[in-house]
Amino acid sequence: MKIALIAHDKKKEEMIELAKDFEDKLSKHILVATGTTGLKVMQNTSLDVKRCKSGPLGGDQEIGAMVANHDVDMVIFLRDPLTAQPHEPDISALLRLCDVYKVPLATNTESAKLIMADI
């Protein structure tokens, strides 16, 4: 299974903790991430992560293309709902594509934990 990991700046620490908590499970899957999220996960775990561009520089769109091409099976996107994002249209497009292609999507740590418990 290919799993995409994305976290807004204020959610990066939560993503690191999630990756640590589920490191054993995640290690059995192919991981892709936006640039900084992937780097931080790799720096804090033993997980191998293929890094796309940073979200604001096109990384969300890269992962959206993977969703549209059936090249990713699950997306964990820890969003910061209290901070405006300059690339909000890209984020909305990615979320829409997950719905269109019925790709499981977690946008907070609790929903991510529920999904991770099942992989």
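Backbone N, Cα and C define each Cβ position, glycine as well.
So that you can see what the record holds, here are the features copied from Swiss-Prot:
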- 1-119: domain 'MGS-like' (DOMAIN)
- His8, Lys12, Thr34, Gly35, Thr36, Thr37, Ser54, Gly55, His87: substrate binding site (BINDING)
- Asp60: active site, proton donor/acceptor (ACT_SITE)
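Considering other CB atoms within 10 Å as the measure, the emptiest surroundings among the binding-site residues Thr34, Thr36, Ser54 are those of Ser54. Distance between Cα atoms for Ser54 (substrate binding site) and Asp60 (active site, proton donor/acceptor): 8 Å, as a whole number. Cβ neighbour counts within 10 Å, taken over all protein chains shown, single out His8 as the most crowded of the binding-site residues His8, His87.
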